[in-house]
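Novice: So that we are looking at the same thing, I have put the structure below in structure tokens.
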Amino acid sequence: MATLIRSKLSNKLSNAATAVSNKSQAKVSGMFARMGFQAATDEEALGFAACDDLDYDHRQGMQMDILTSDEMGGEGSGDGGVMEGDSHYQRDGTGPPHSASKDGDPTNELTEVRPKITAWEAGWNVTNAIQGMFVLGLPYAILHGGYLGLFLIIFAAVVCCYTGKILISCLYEEDEDGQLVRVRDSYVDIANACCAPRFPALGGHVVNVAQIIELVMTCILYVVVSGNLMYNSFPNMPISQKSWAIIATAALLPCAFLKNLKAVSKFSLLCTLAHFVINVLVIAYCLSRARDWAWDKVKFYIDVKKFPISIGIIVFSYTSQIFLPSLEGNMQKPSEFHCMMNWTHIAACILKGLFALVAYLTWADETKEVITDNLPPTMRAVVNLFLVSKALLSYPLPFFAAVEVLEKTFFQDGGRAFFPDCYGGDGRLKSWGLTLRCSLVVFTLLMAIYVPHFALLMGLTGSLTGAGLCFLLPSLFHLKLLWRKLQWHQVFFDVAIFVIGGICSISGFIHSMEGLIEAFRYNIED
């Protein structure tokens, strides 16, 4: 009898707790809807956390503490506790700890606090993103734009710095006390908030598609530049550029078996330092020929047919917006983010402008798509071998990122996935998961073979996804989410950036596609 009474009381308490939980969640959902975005479920929160970046091993990603309550108070107060299933993103590791288990086990009290990064470390990450080996194409942009190309390098730095800042401002909302609270954690969160409540997932899909395109195109560019560099380093060898691309891809096939980037990340610092040394060597060689610089070749003119491609090249060299929300959320002092953006983009602007101008003055009209191809044979072979090594070691990062997004979108999205999970219960990669990865490697090879034009591919990527992610979407999201709080000059800047970015994106995309179609036809006929 006592057992029956306890059972009935337990059922009543459970029903009451469930009712309180449902009411509380309804209130929270209503509050979030009034603020312009939707409260994330467990499934959505995991998607949000993973869609922007990869894993903690190679991105120093945001800290996400999922706080759950194993038991609720019996006094009907669901207000003070954290309901099961709610996800709370803690930026500093503070906040309510995990509730203790019924057994009093203290091991569940706190989640592990991941280390934060300083402003200098964050700046180093941004510098790596905007000072990569793709600056080798900037002198070619000056070839078709003259002084206007130099101005565009400065303009792109200013605009990308500004849009990076306003993108981060879209992560915050004011609470009842007027304090800024970080309510979003990724680029996808911002996009979904702008499209809510009618199309709550549309913005995230758009950002994910743009991200996949940019990552895959980056992989293709690494294969193209590897084949190009090897062919020009050893022109006397009976191996074509396409054959070198195939050899490079064969070396990249093990990427299909990657589960994490721990092994590759160890080489990232060495690759960056090697690239810095290469830039110094190129500039030193150019300075040694300063007496022969062709100042008269730099003019205020543009090649109407090819300059739009140069715009895409310059914009692509500054793309880092996708990683900024995660980076800012992981900083020890997020208030230093704006200062970090200022000095990183100023430094990038100065270095890119000097590198592009000095290299173009040295070779003038003979400037090639990849500037190291202009170096003397012996020096070119040494420098290009370092660059090929850097390209091959840099390939796994965008490749792994693209695979992560594809797997989480089509294979791991719970009941909404189009295909079964790529991994078995033991964590092993299944056959269709391996097929997906191998197919992606082969696709990058085919594109590199049929369109082996570094500048055209880089211009297309910059015009299509670079301008969209760096110019169009941040300004649009800023206007949508913070319209009532913006001053007139901020509105003017946002509208101007959106219009200019749209024009540059459309014109660059059209001219790049024309060049790519022509090159593709030529390679098919050949």
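Glycine residues also receive a Cβ, built from the backbone N, Cα and C atoms like all the rest.
A TrEMBL annotation is a machine prediction, not a hand-curated record.
Pulled the feature table from TrEMBL, pasting it below:
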COMPBIAS  74-83  compositional bias 'Gly residues'
COMPBIAS  100-109  compositional bias 'Basic and acidic residues'
DOMAIN    116-513  domain 'Amino acid transporter transmembrane'
REGION    69-109  region 'Disordered'
TRANSMEM  147-168  transmembrane segment
TRANSMEM  209-231  transmembrane segment
TRANSMEM  243-261  transmembrane segment
TRANSMEM  267-287  transmembrane segment
TRANSMEM  307-324  transmembrane segment
TRANSMEM  344-363  transmembrane segment
TRANSMEM  434-451  transmembrane segment
TRANSMEM  457-479  transmembrane segment
TRANSMEM  491-510  transmembrane segment
Novice: Would you say the transmembrane segment (307-324) and the transmembrane segment (491-510) are touching, if the rule is that at least three C-beta pairs must lie under 8 angstroms and be 6 or more residues apart?
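Specialist: Result for the transmembrane segment (491-510) with the transmembrane segment (307-324) is yes.
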Novice: With an 8 Å cut-off on Cβ pairs and a sequence gap of 6 or more, do the transmembrane segment (434-451) and the transmembrane segment (267-287) reach 3 or more such pairs?
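Specialist: The transmembrane segment (267-287) and the transmembrane segment (434-451): touching, no.
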Novice: Against the transmembrane segment (267-287), which of these stretches has the most C-beta pairs under 8 Å: 147-168, 307-324, 344-363?
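Specialist: It is 344-363, which has the most Cβ pairs under 8 Å.
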Novice: Hey, does the transmembrane segment (307-324) touch the transmembrane segment (147-168), meaning at least 3 C-beta pairs closer than 8 angstroms, sequence gap 6 or more?
Specialist: yes
Novice: Can you tell me which parts of the same chain pack against the transmembrane segment (209-231), counting only residues 6+ beyond its ends and a CB-CB cutoff under 8 A?
Specialist: 51-52, 133-134, 136, 239-245, 247-249, 252, 319, 322, 369-370, 372-373, 384-385, 387-388, 391-392, 394-395, 398-399, 401-402, 405-406, 440, 443-445, 447-448, 451-454, 457-458, 460-461, 464-466, 468-469
Novice: I need to check the long-range neighbours of the transmembrane segment (344-363): which residues 6 or more away from its ends have a CB within less than 8 Å of a CB in the stretch?
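Specialist: Cβ under 8 Å, 6 or more out: 123, 126-127, 130-131, 135, 138-139, 141-143, 149-150, 153-154, 157-158, 160-161, 279, 282-283, 285-287, 289, 292-295, 297-298, 317-318, 371, 374.
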